[in-house]
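In what follows, a single structure is set out as structure tokens and then discussed.
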Amino acid sequence: MKLYIKKLSLHVLLVYNMIIIFLIFTHQSNASIQSFVYGGCSQQKYNPSTIYESNVNSVLTSLVNSAGYANYNSFKISMPGSGANDVVYGLFQCRGDLGSSDCRKCVAAAVSQLGTLCPVSCGGALQLDGCFVKYDNVSFLGVEDKGVVMHKCGPYVMDDSSMLTRNDGVLTYLSGMGQYFRVAGSGKIQGVAQCTQDMSTSECDDCLSEAIKRLKSECGSSPWGDMFLSKCYARFSERGFTSKSGKQLRHHGWWCMSYDFLFIWFVLVKML
């Protein structure tokens, strides 16, 4: 009887640990995807309870709904009764490794934060770790823009030629892949780059070439660096952004968590 109770309690403990691990992983994954990178608002404001406000709300709602089945989409909204100045343009772009559920959650979080960051602004843009959202009353769809929006580098590391070589190799590889979403790795260094898909592939190559050139110049001797232009970005880090598997890309945190999960599972099975 005591042995049965012991085995039962261990089974309960096993299930409990599995649930806790799952909840921790889910929280960490969502928290990372929705981490704030940058945001900005246009200086021009609109009056509440106007047609323009209705168009803004319609665009943002359309972006969230569309993110449930695609990782990119764009809209031009002009409701009945709208004048030329009431048209609203919008797009979202999710990171290429996100599934539809994570993409929608990320876009919904970005839209919610835009409402707080840019109340009654005619335009706004917000970048989270897993997605980008933008709306404006001036058409930006399909327009090249290589202006630097945000960049930051890790601490400068002196006399580390191996790190410099790895960084350069990863970034060079990213620049020649010819895709909207790109990942590369060398040793501990992982890199990721992406364009918004309202551009052509050649325009994407051009944008990423500029981002990577700047990243090499400004952050090449750092353990990590981010370069966000208006329509593309390139990043590298020792921490990683995606899984090491090219088949199904997930946030790097899954791999850290998986080892803990397997270890706990193994220990509990041995106890049983």
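Backbone N, Cα and C define each Cβ position, glycine as well.
Because the structure is a prediction, the values reported are computed rather than measured.
So that you can see what the record holds, here are the features copied from TrEMBL:
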- 7-25: transmembrane segment (TRANSMEM)
- 34-140: domain 'Gnk2-homologous' (DOMAIN)
- 141-241: domain 'Gnk2-homologous' (DOMAIN)
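Looking at the domain 'Gnk2-homologous' (141-241) alone, the prediction's average pLDDT is 92.
Helix, strand and coil counts under DSSP for the domain 'Gnk2-homologous' (34-140) come to 37 helix, 32 strand, 38 coil. Per-class residue totals from DSSP over the domain 'Gnk2-homologous' (141-241), listed helix then strand then coil: 34 helix, 31 strand, 36 coil.
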